[in-house]
Every structure is written in structure tokens, then in C-alpha cells.
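For reference, the structure discussed in these notes is given below.
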Amino acid sequence: MTNIRKTHPLTKIINNSFVDLPAPSNISAWWNFGSLLGICLIIQILTGLFLAMHYTSDTATAFSSVTHICRDVNYGWIIRYMHANGASMFFICLFLHVGRGLYYGSYMFTETWNIGIILLFAVMATAFMGYVLPWGQMSFWGATVITNLLSAIPYIGTNLVEWIWGGFSVDKATLTRFFAFHFILPFIISALAAIHLLFLHETGSNNPSGIPSDSDKIPFHPYYTIKDILGALLLILMLMLLVLFSPDLLGDPDNYIPANPLNTPPHIKPEWYFLFAYAILRSIPNKLGGVLALIFSILILAIIPLLHTSKQRSMMFRPLSQCLFWLLVADLLTLTWIGGQPVEHPFIIIGQLASILYFMILLVLMPIISIIENNMLKW
């Protein structure tokens, strides 16, 4: 009798994706982040669902409802902080996942890569709208500043912003629609993640060497299931350490002040995971230019496959490209730091130089260094 796991239409899909899937024998821990992102998404949907049961998306009661969740709901505090810090873990995994893709040339799977970029935008949009919901000072002013950027679009800008706001400022209508979108987007993200996997399984996984691994495959289960479980345990450990010992470490104290349209906080800044993009936005003195740089700072990932000039896929055997890659990482950390600093000397010039370097590395230096490395192979 044939195993039901391999014949039943439903279990067959699961079997071919997570059990009998042929996987390269040499994929490292950097390949764990896909499954970790899946776990993050599940944690966020579950904690978010329970928060939504007690939250009210009305300007008069939103802040109070979050306070009520933390004080009066059974284990509401842990659900709230798991959701807030779960977003941080989500972005840590996302950045490491994208970084892995850049380092090992996984972007050569263009369909998988492009769906990944769409996923990144969707997660960023979800996180932004979620940050508005507690209706604290940083929620309100963050929403005001970021939505206002759309007014830089010529001709239709102002109308577009007022249409998104549902009025002449960020108000009740804005909060209600942001809650609606924040609720629906994770399910769209789940569907996109399934498509992401579908495209990945068309080609099979890349591996650290960047060399085709068709001749050396092992079954996903038990080898990579046990490896993913270890990764998941470490992820949950890190999340719970954050939640139980310093839940407000990554948050902004201003968000414990209820939203007040008449009082602007001294330093308006987004959550830490948006600071690099915020620094790029602020480094250009022109409003439209800043918005374009902001969008292009993420969208640049879409043209990475076109800029691949190396004869090798992975950076594993390319020491010059490795140096550039780690320079890029250091540059992004610098931008993240600058994004959280006030707009004054010397932070302005550091931010501008770091922004120029970011685009220089990806658009100019990487392709040139790859060509140099190709020529070095001939020596």
C-alpha cells in the first residue's frame, strides 16, 4: 500500500514541500531564516488576532484600549509585547535573509527574488500601519510625517494625501482604515510567501558555494526539519528574553504619551528597522528627491540581478566582493544610527556620505569589483 502522505492531494503538497523535498547537502544556518520568517509571521498573526479582540480603532479610545490590554486582560501585556518585539525579530530575520541572498547570489532566481521584494514592501507597510494603532505621540506624528511625503508627488500629491487621511489631517478615519489594512495585510503576506516558496521550489535552493547541487541532494526531513526546529527555539528564546526582560528596549518612550496634534515631539523618528531608509530620506534637502531616494533604497534590490557581472554566483570565493559586502553592512548600520539622531552637524554630512556610499556600492563598485575579480582569475 502506498503511503497516504505521498498520495492524498493535501498531504502530497506538504510532503513535496517539507518532507521529501531534495535539498542541497551543504546549506548553512544562513538558510534558516526563511523558516524563521514563517514562524515570525505565525506569531504576529496569532498575537495580533488576540490584540484585535480587545483593541478599539477610535481616536478617543485607542490609547486607552492598549492600556486596558496591558493592565486588565489576562496575559495581555505579554501578548502586546510579543507582538511589538515580534515585529523587531521579524525585521532582524528579514534583513539577514536579504543579506544572505545578496552574499550568496540567491537573487539569480529572479522570480523568487522579486516576490521577496514585494514581500519586503508589504511587511514594511504593515509594520508602519501597526505602529500608528496605539495612538501615542510617535504613532500620530510618524503617520503625519510619512503620509505627508506623498504630497511631494507633482499635481496629485495633496489630493492623494487627503484621500489617504480621509480628511484634512491624520484623524479618526485614518486610524480606522490603518487598522483595517493592518489586519488584512498579513494574510496577503501569507499568500505571497506561499508564492515565494512555489517559485523557489521550481529551481531548488541555492547553496553557499553557488555551484549547482543537483548531484548531491538530501531529503529535507529529517535533516533540515531538525535544523529549522533548533533555529526556531533560538528565535523564540531571543524573542522571550526581549519580551520578559526589556520589552521597551526598542520602543520609543514618546509613544506612552497619548497623541496630541497640538504638541510636536522634539525628535520624530520611526521604529529602529526603518531608520536606515529614514536617514536616506533626510539626507536629500529636496522633498521629492528624498521620497524618490527612500523608495529607490529598497527598489534597488530589483536591479541587483541585472548588475551581476561576476562569473561566479556566490561571494564565497570572491574576497574583494566580500570586503565591499561588509562595507555595505557597516554603511547600513551607520545609516541606522544617523536616522535616530537629530538633524544637526555632524550628523547631516555623515548621513549624506553614508547615503551616497550605499548607492555607490550597489550600483557602481560591486559590478566593477566583480569584473576585476573575473580578470584576476586569468592571471
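The chain as shown is numbered from 1 upward.
Any Cβ shown, glycine's included, is placed from N, Cα and C.
Listed in Swiss-Prot:
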type: BINDING; residues: His83, His182; note: heme b b562 binding site
type: BINDING; residues: His97, His196; note: heme b b566 binding site
type: BINDING; residues: His201; note: ubiquinone binding site
type: TRANSMEM; residues: 33-53; note: transmembrane segment
type: TRANSMEM; residues: 77-98; note: transmembrane segment
type: TRANSMEM; residues: 113-133; note: transmembrane segment
type: TRANSMEM; residues: 178-198; note: transmembrane segment
type: TRANSMEM; residues: 226-246; note: transmembrane segment
type: TRANSMEM; residues: 288-308; note: transmembrane segment
type: TRANSMEM; residues: 320-340; note: transmembrane segment
type: TRANSMEM; residues: 347-367; note: transmembrane segment
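Sequence features, as recorded in Swiss-Prot, placed on the structure.
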{"residue": "His83", "record": "heme b b562 binding site", "Cβ neighbours (10 Å)": "21"}
{"residue": "His97", "record": "heme b b566 binding site", "Cβ neighbours (10 Å)": "20"}
{"residue": "His182", "record": "heme b b562 binding site", "Cβ neighbours (10 Å)": "21"}
{"residue": "His196", "record": "heme b b566 binding site", "Cβ neighbours (10 Å)": "21"}
{"residue": "His201", "record": "ubiquinone binding site", "Cβ neighbours (10 Å)": "14"}
Quiz item: Thinking of Cβ pairs under 8 Å, which stretch from 77-98, 113-133, 178-198, 226-246, 320-340 has the most of them with the transmembrane segment (33-53)?
Solution: 77-98
Quiz item: Secondary structure at His97 (heme b b566 binding site) (DSSP, helix/strand/coil)?
Solution: helix
Quiz item: Restricting to the same chain and to residues at least six past its boundaries, which positions have a Cβ under 8 Å from a Cβ of the transmembrane segment (178-198)?
Solution: 17, 37-38, 41, 44-45, 48, 52, 55, 57, 112, 115-116, 118-119, 122-123, 125-126, 129-130, 132-133, 143
Exercise. Looking only at C-alpha atoms, tell me how far His83 (heme b b562 binding site) is from the residue listed as 'ubiquinone binding site', rounded to the nearest Å.
Key: 30
Quiz item: So what's near the transmembrane segment (320-340) in sequence-distant terms, Cβ-Cβ under 8 Å and 6+ beyond its ends?
Solution: 99, 102-103, 269-270, 272, 274-280, 282, 310, 347, 350-351, 354-355, 357-358, 361-362, 365-366, 369-370, 372-373
Quiz item: Using C-alpha atoms, which one of the binding-site residues His97, His196, His201 comes nearest to His182 (heme b b562 binding site)?
Solution: His196
Practice problem: For His97 (heme b b566 binding site) and the residue listed as 'ubiquinone binding site', determine the Cα separation and express it in whole Å. | Solution: 17
Self-check item: Structural state of His182 (heme b b562 binding site), classified by DSSP into three states
Solution: helix
